[in-house]
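Participant: Dumping what TrEMBL says about this protein:
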- 367-786: domain 'GPI ethanolamine phosphate transferase 1 C-terminal' (DOMAIN)
- 6-24: transmembrane segment (TRANSMEM)
- 383-406: transmembrane segment (TRANSMEM)
- 412-429: transmembrane segment (TRANSMEM)
- 450-469: transmembrane segment (TRANSMEM)
- 475-492: transmembrane segment (TRANSMEM)
- 499-517: transmembrane segment (TRANSMEM)
- 523-546: transmembrane segment (TRANSMEM)
- 558-576: transmembrane segment (TRANSMEM)
- 582-603: transmembrane segment (TRANSMEM)
- 689-707: transmembrane segment (TRANSMEM)
- 727-750: transmembrane segment (TRANSMEM)
- 762-782: transmembrane segment (TRANSMEM)
Amino acid sequence: MITFFLVGLTVHIVFFLSIFDIYFTSPLVHGMPPHATLLPPPASRLILIVADGLRADSLFMPLHNGSSRTPYLRSIIEEKGTWGVSHTRVPTESRPGHVALIAGFYEDVSAVAKGWKENPVEFDSVFNQSRRTWCWGSPDILPMFAKGASGDHVYTHTYPAEEEDFASTDASRLDTWVFTQVKSFFHSAKSNSSLKAYLLEDKNVFFLHLLGIDTNGHAHRPMSQQYLNNIGLVDSGVAEVVSIIEEFFNYDGRTAYVFTSDHGMTNWGSHGAGHPSETLTPLVVWGAGVQTAQRATDPQPYIDEYLQDWKLEEIRRVDVNQADIATLMASLIGIPIPVNSVGVLPLPYLNNTDHFKAQSMYTNALQVLEQFKIKMSQRKDTTLSFFFTPYQVFMCLAVAIVAFLLVQKSPMTYYIYCLLPVPVWYSVLKESGTLTDLIHSAPSLPLWKCLSYFLLVALGVELLVVSFFHRAMLTLGLAVLSLWPFVCGIFGRSKLRSLSWFFSCLCLAVFPLMPVMGRESNIHLVLCGGVLTFFTSACFLFSLWQRSVLHPCDRQQFMLHVVVCAYVPFLTHSSLQQKQGLPLLNQIISWTTLASSLLVPLLSSTRLFHRLLSILLSLTATYLLLSTGSEALFPPALSWLMYVWINIEQEAMLAQGVPGRQELSTIDFSANIDISKIRQLKLDDIRRSYFFVFFIITAFFGTGNIASINSFDPTSVYCFLTVFNPFIMGGLMMWKVIIPFIIVMCTFETIQVVTQLSSRSLFLIVLVISDLMALHFFFLVQDYGSWLDIGTSISHYVIVMSMTIFLMLLSVVTHTFTSQRLALWRRPKIHFP
């Protein structure tokens, strides 16, 4: 069993990691020479201003009285510059948006496996090709371009990361900081001769990253007054900075300005996917070498109705793809186009001779051609290696496989992928006795019943696959499962438990029908979740108190967790709404509850229901601290169904004539297992294993957890922190996802004890079910689209692969979690009836 465990664990980890080797290797190529237009450029310097999270309509839409909240930029659009919509590509996030703007290529797919601030690979950029670049703004964005630049000519000035606080009363201060720093910089340059000499050189870039709008959008939503007021602040700040810059350079007419955004934002304050509110961003360009505002004499070639809504139908609009902006900026100041740029020069933005435009287009084409040459020379077909994997059953094929891979000159990882199944199949053959037991039990059942079992399981597997794309299929599945006691004859033996199963399935079936994104926070539902947990647990405890003695510690632990989960989120969100920040006491309680959630259950009794209740209360307390609405009701509903499942499996065992039933209240997790009582595998165990897989998936997707992570609502972690920290926030959200998973795992650990089921036999069945699903999702992994699409496709594959890995790893953890007890103080011995 140990050998099988280690081999199976190794193989599944390797094949899980293989998707990053197959799908998420960097598409960027290197070794291309840079190309630049040799003609004199129209501008000596470039000012790039990026208003993070600014939607196009938020900038261009006039007020109800016809005026504009951005009078300065509106005057540029109407008189001095060229405007349009910059169409971003998914993922609409800050890093890929800025990479497209400044480096000219869209998000490197290998970035999905990298850190938030880490460069997936070293890349070229407008900043790198410039003579010098000065940057002011967020510590999350600026360092990646300094790291990617050769030499030491990109200078960054950032505020502390702690300033990015979603609970701040005024996040626009982030933008005020940038404007203040820029003004101080140019003021000090007047008396600093060396700095002034640098600034008077050509090919310089100045980058202002303004994060206030994005932070206010996340915290208060884009329709809020905070978001809209921040846009007005940016407009006035841009006007003041432009005035200072023009004065510093003596109005020489050699400065080009680009104002745009990296991405937009949905009405509910998220971004990352492909909704127009996220992909349509503003672009306003003016200054040296830029075409001035042109009147549109003919209807403009845009089928949307934005021109009429924005009252700009009379001014020529020029839309671009986001990567085109990098090419435009390079042409304006005469630097080489970034070598990985895929942008196309937007000619209508240029105000120059036809000769200059033609030369710029030729340079643009040469740069793209260089990439094409390199990519064609590196192209390889590796596909055949994976087709041979299913046939590597016999050891004699290993030599032939190695020879084939040598001829193909395949990378070393392919040898691992293709040879690992050999010991796996060897281990499977050694465990053939378990499968033989299953086959021997089949003749005792009618043929139609055997076929029905396997047909239902096959259909059930496909239903689970479809449920990853359409969560409503889980509702259908739960509705079908609710009828199980009535079909298999359990209803006649236990009507109350059958009805409890029926109604608990239907209650849980409601959650997959609820929306994942765009829902408003409702802390009152979090309170309801705490109250529901309180009363259901109180009823259960009351029934236990009638039959046994509980130590006072059990009651104290129960009351502590219920009070915490019921009140802390409500008090925290009330404080934030009143602009009083995150109370320190609430933060301490939240982190203490999180830290103790895995320790406190180990202090309770190891009796079956005592320990399960302790685990539920500890985990639910943390879950509620991370909840913002209806998902807070999910753990109580799931736990109700799990409780009924434990009880009803006992009835199923009696219906099958399995002897040795033990009263559930007398079962102790810490008792030694009598190996002689562990039974052989039966056909009905396939049904139990399928239930387990189904409930695991329901635990993951019942409240849309995966999509919630990718869309990320920061309000979920406000009880713990409000300062932006993607690693801690992501870890907290992931723990929220895992909590329902642990509840199901503990339940199935209980069912193994109750039904005397072999863990080895269980593993084999779940392995087959999960790997059949994994085969589906291996070919459905996406390396294009939004981070939501890419992340979801990876998550699908990860979940089904993790079923096996987690089952092997967490079965040990779950066994410890249910059976071990920490004795921190001496207690009198308690006798249970």
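If you go along the chain as it appears here, the first residue is 1 and each next one adds 1.
Here the Cβ of each residue, glycine as well, is placed from N, Cα and C on the backbone.
Given the structure is predicted, the values throughout are model-derived calculations rather than measurements.
Tell me what's around each of these sites.
Facilitator: Beyond the transmembrane segment (450-469), the same-chain residues lying 6 or more positions past its ends with a Cβ under 8 Å from any Cβ of the stretch are 442, 476-477, 512, 683, 686-687, 690, 693-694, 697, 701, 769, 772-773, 776-777, 796, 799.
Sequence-distant neighbours of the transmembrane segment (475-492) (same chain, 6+ residues past either end, Cβ-Cβ under 8 Å): 460, 463-464, 467, 498, 501-503, 505-506, 508-510, 512-513, 648, 651-652, 655, 691, 694, 698.
Listed by sequence, the residues of this chain that lie at least six past the ends of the transmembrane segment (499-517) yet keep a Cβ under 8 A from its Cβ atoms are 266, 268, 270, 467, 471-475, 478-479, 481-486, 630-631, 633-634, 637-638, 640-641, 644-645, 648, 698, 701-704, 707-708, 711.
Outside the transmembrane segment (727-750) by six or more residues, the chain places 115-116, 594, 608, 612, 615-616, 619-620, 622-623, 626-627, 634-635, 638-639, 642, 645-646, 692, 695-696, 699-700, 702, 705-706, 708-709, 712, 714, 716-717, 720-721, 806, 810-811, 814-815, 817-818 with a CB less than 8 A from a CB of the stretch.
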